[in-house]
Amino acid sequence: MISNINLEDKFFSFFFTLGFSKEFFNFLWIIFSILILMLGVTIGVLVLVWLERKISAAIQQRIGPEYAGPLGIIQALADGIKLFLKEDIVPAQGDVWLFNIGPILVLIPVFLSYLVIPFEYNVILANFSIGVFFWIAVSSVVPLGLLMAGYGSNNKYSFLGGLRAAAQSISYEIPLALSVLSIALLSNSLSTVDIVEAQSKYGFLSWNLWRQPIGFIVFFIASLAECERLPFDLPEAEEELVAGYQTEYSGMKFAFFYLASYLNLLVSSLFVTILYLGGWHFSIPFFSLFKNFEWNLMSNGISEVISIIIGIVITLVKSYLFLFISIMTRWTLPRIRIDQLLNLGWKFLLPIALGNLLLTTSFQLFLL
């Protein structure tokens, strides 16, 4: 994809003619970018919830959401309005401060993860040089919020759910980080944009998926465990813990947990696209050369906008294809026991991730 003209500069030239200073424009641009990102992410989550309900209904030979809008497309929005209008109940004997701060501490780190996700070359809120490790760092705060929510509820089921969430996150955060480190070694960068650009030469043939198949499998399993999806939803197992750390929550606080889980799932799928599936680049080898030639025949402004739109669409299509696999996994596999979950993380995934990192390091040293 090409970007001959920066859209931010074009907007600044327009605002400059109206008498706005550079500093004021930068402030407005940051606020505008954050609002657009939050709106887009919220719409993406609503679509994800609708897709999961429809796919699960098809698997179980049901109809699923049908009456709230065409094909039930606004069912998730209706559920959000319902939760907003519900009463907010606080346990009488619980720790009010921990109970209230827990959902916020779970939701904010997930939103911060979207800062380093590039939907296209110029469509990224913060292009940090340590982008992928920034995501791992902020996501490691989430189990602390879950533990606070479980402890503050003064409920044995909630507390056990919080303990399980913390143990599960620690067990699978390390294999996940080692898989990301292997990708960073291949790309010689921790920046998400640089990692995508390193996969841009030969279409799908240059994807890290082919160079890191073991790391991809480890990343896929660990990301499902981090999102607490079946078969790894031990912290909220209904048959054992009622609803886990969410047992005592209602209203908007419960909605925060619900929203955070789907936001986290969408983040994981986007990072799979960025790390292993080439990001916003075309998957057909050498097809991007033809597209560049076609855009050069058009005006610079139009080609810039079209390139950005196509890049965003490609990123989202790849991400939702991975989400489809995650949804099918949830409604296909049974839940495992807590001892099996910990054994899988510490005795299986961690040694494999370490071995994969050792092989990647040896390969990179051999090429020097």
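Just so you know, glycine gets a Cβ as well, placed from its N, Cα and C.
According to Swiss-Prot, the transmembrane segment annotation covers 27-47, 97-117, 130-150, 166-186, 204-224, 249-269, 270-290, 305-325, 348-368, on the basis of sequence analysis.
Long-range contacts of the transmembrane segment (97-117) within its own chain (CB-CB distance under 8 A, at least 6 residues past either end) are made by residues 37-38, 41, 90-91, 124-128, 131-132, 134-135, 138-139, 141-142, 144-146, 148-153, 192, 245, 248-249, 253-254, 256-257, 259-260, 263-264, 267, 270-271, 274. Ranked by number of Cβ pairs under 8 Å to the transmembrane segment (27-47), the listed stretches 130-150, 204-224, 249-269, 305-325, 348-368 are led by 249-269. Packing against the transmembrane segment (166-186) from elsewhere in the chain are residues 132-133, 136, 139-140, 142-144, 146-147, 195, 198, 208, 211-212, 215-216, 218-219, 221-223, 225-226, 228, 232, 234-235, 275-276, 338, 341-342, 345-346, 349-350, 352-354, 356-357, 360-361, 364: each is 6 or more residues past its ends and has a CB under 8 Å from a CB in it.
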